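**Q** Pasting a structure below so you can have a look.
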């Protein structure tokens, strides 16, 4: 039963967006967990629920795995199952903690389950390099007024709110009118506050951008014979300069050439630019050893001007294990598993969030691919940018991954109060305003461009100033409310 509820709970994420169903099945699961007869029973329920939750929600990983040296489809599903078996530990721990300290009191259990879910979701984003994909709070994005609370308590706080909302039926069933009323009032006030935030939409008065989505699949990208055709497609979609400054945005790894080493490749790209244009494009930078030999590479985002000069570079900091580097490469190579990561070179990680100055266009905070999914780790705190640019390659991600990735970019926009531009080869490219609204987008598996002005940033939000400490404070408040002594009514004698 818990496994089935976990499977259904994942339907609240994109692309299905059945968030009421998610809250309903979590409500049923909470009733089951609260009624568990032992701590181990509660842990087991949480683990089975988590197994279903992650197996369906992360099904796109099966598709991405098949691109690793053309591995068979069944092996991709084995990878999804193995990952879900591990990730299910987090809901199990959350359930066990809530049962241990909240059994016998449905209001206390609800508050502690919300706090414990937040804690384990935070751990999931950090342990073993971190995998913060699909926080439960993402189910609120169809209800943007509620999602605005991420600017105060972060996406982790949104996950806590989802648990509180799911706890309402259990509180009502147990006639805990005060607890149910308190939760309902909090949710109503949060929604009203979100409506107030959204009542003044961001004005599109920032940098003029053209986002290019060439609809190049992974097979075509890796086909050596298609190099010229890909270059022509990028050139056609980028268009001719028209005299006004343009900021061209291309996806992750758009350029096959090593731009720092090949002046001819830079000159070819420069012909696409007007005198005041800039190009942001993903590419590869090489790392050389003392002997002049290549020892590693970096997944980079380059800024090029009309003279063919590379005026800035960002190196991806949060690398994907088995995608961009192979842990224990000597051992795995010895047993024939080196093809788990493409190529013979590992990528090296960059130093972390950085804002790049773009003359004439302000400054941009850069995230490459899934770096955008980590709350509190997308902005250089010393140099707040004017907008965020997420260059990604979601061609690996099947049909479920791209809309889920977009949703998490929307959460970062709300948390930081910054507009976000996304460029991907197959979609979903988009411009997002600081309230998380998608102002323009291109459908999945469609070639095209987005011509837009970036919305202006909001003033720094509470989350932008304090980061995940705001989520921690919200979680601690829930714990203190749950554990505070309750007055017992005296019975007259």
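One is the number of the first residue shown, and numbering goes on along the chain from there.
For all residues, glycine too, the Cβ spot is worked out from N, Cα and C.
I grabbed these lines from TrEMBL:
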- 212-456: domain 'CN hydrolase' (DOMAIN)
- 16-33: transmembrane segment (TRANSMEM)
- 40-62: transmembrane segment (TRANSMEM)
- 74-99: transmembrane segment (TRANSMEM)
- 111-132: transmembrane segment (TRANSMEM)
- 152-172: transmembrane segment (TRANSMEM)
- 179-198: transmembrane segment (TRANSMEM)
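Could you place the listed features in the three-dimensional structure?
**A** Outside the transmembrane segment (16-33), and at least 6 residues removed from its termini, the chain residues within Cβ reach (under 8 Å) are 1-2, 5-6, 8-10, 42, 45-46, 49, 95, 98-99, 109-110, 113, 139-140, 142-143, 162-163, 165-170, 173.
Within the chain, the transmembrane segment (74-99) has long-range Cβ neighbours (under 8 A, six or more residues past its boundaries) at 6, 33-34, 36, 39, 42-51, 53-55, 58-59, 61-66, 109, 112-113, 116-117, 119-121, 123-124, 131.
If you look at the transmembrane segment (111-132), the same-chain residues 6 or more away from its ends with a CB under 8 A from one of its CBs are 30, 33, 87, 90-91, 93-95, 97-98, 101-102, 156-157, 159-161, 163-164, 167, 318-319, 321, 373-375, 468, 471, 474-476, 478-479, 481-482.
Within the same chain, residues 22-24, 26-27, 30-31, 34, 106-107, 109-111, 113-115, 117-118, 121-122, 135-140, 146, 179-180, 183-184, 186-187, 190, 375-376, 408, 411, 415, 461-463, 467-468, 470-471, 473-475, 478 sit at least 6 positions outside the transmembrane segment (152-172) and bring their C-beta atoms closer than 8 Å to a C-beta of that stretch.
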**Q** Using a Cβ cut-off under 8 Å, which residues of the same chain at least 6 positions beyond either end of the transmembrane segment (179-198) come close to it?
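**A** Distant Cβ neighbours of the transmembrane segment (179-198) are 106-107, 110, 143-149, 151, 161, 164-165, 167-168, 171-172, 435, 437.
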**Q** When you scan the chain for residues with a C-beta under 8 Å from the transmembrane segment (40-62), skipping those not six or more beyond its ends, what do you find?
**A** 2-11, 13, 29, 32-33, 73, 76-77, 79-81, 83-85, 87-96, 98-100, 133-134, 397-401, 404
